[in-house]
Amino acid sequence: MEEIHIPVLLSEVVDGLNLKSGSVVVDATVDGGGHAREILKKLGQEGKLIGLDWDSGMVEKLRKDLGGDVRVKLFHSNFSELEKVTGPYRPDAILFELGLSSLQLLASGRGFSFKSEEGLKMTFDPNQRPNAEEFINTANVRDLEEVIRKYGEERFAGRIARAIERYRARKRITSAKELSEIISRAVPRRGRINPATKTFQALRIHLNHELENIENGLRGAWEIIKPKGRIAVISYHSLEDRIVKNFFKEKAKNEEGKLINRKPIVPSREEVTKNPRSRSAKLRILEKL
Ligand SMILES: C[S@@+](CC[C@H](N)C(=O)[O-])C[C@H]1O[C@@H](n2cnc3c(N)ncnc32)[C@H](O)[C@@H]1O
């Protein structure tokens, strides 16, 4: 069966970006092109879509699908270097959808999913180092605890770090499944959510420098966006959303930007039923004045 990723808040994003025929749009997290395909429908013949993704596999795959469209330019790049990639283009709209796609979650050998028995990388760029396996098998227990507490907001961080330390003294941890089982045994079960959720999130944020990337990405986006242009960001957890909210608020306070929505836009109940992955999404949009 073909794996699919359902684009989140699709009409809200496309409407919110205020796209016109001829617009230049940057999709800074283009992935499988879920949003990009819909955006392209609004751009007419003269528009441009510049797509970036840090995952080279996603970019290659999308080149095969969209490469024939002369309006599309795709780059394997971290959006923290946005302004370098976009070169002379001044976009009318920029979209970021933070985090992981369903396609990456299901991809074998990446270790993003709790169930994966092969590989434990957790990096968006598969060649990036250190990866999760290297980090959890070598970091000292205090650093492990700090990462899990800070980026996972996990109150059992100490217990989890010590359980990892005890286990790896006997055997190297080599799969996501193995790691999630160590965590599950170390903490009390909480509802239906997998007990390893917060730790996996923490490792991903730490290894990929996700929070720094967002700050740099927003700064770069602000530099290159045209006046009256819009920046839209979908985030999935509070640490990311706080950075976006504060950045946007600051621009509005200084009267350099206008918040298009005072409160973040969230998916309808209907969307969450169809696509449970969308449930924690928050969309914020800022216009440059
Ligand atoms: C949630 S997906 C985007 C899905 C896309 N909007 C769609 O509907 O098809 C997030 C994507 O962002 C990419 N990504 C994460 N951090 C990145 C970064 N710093 N620079 C560029 N891409 C990044 C991931 O590799 C992933 O493909």
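Glycine too: its Cβ is placed from the backbone N, Cα and C atoms.
Record features (TrEMBL):
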type	residues	note
BINDING	G33, G34, H35, D53, F79, Q104	S-adenosyl-L-methionine binding site
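The number of other Cβ atoms within 10 Å of the Cβ belonging to H35 (S-adenosyl-L-methionine binding site), over all protein chains shown, comes to 26. Of all Cβ atoms in the shown protein chains, 20 besides its own fall within 10 Å of the Cβ of Q104 (S-adenosyl-L-methionine binding site). Counted over all residue pairs in G33, G34, H35, D53, F79, Q104, the record's binders of S-adenosyl-L-methionine, the longest Cα to Cα distance measures 18 angstrom.
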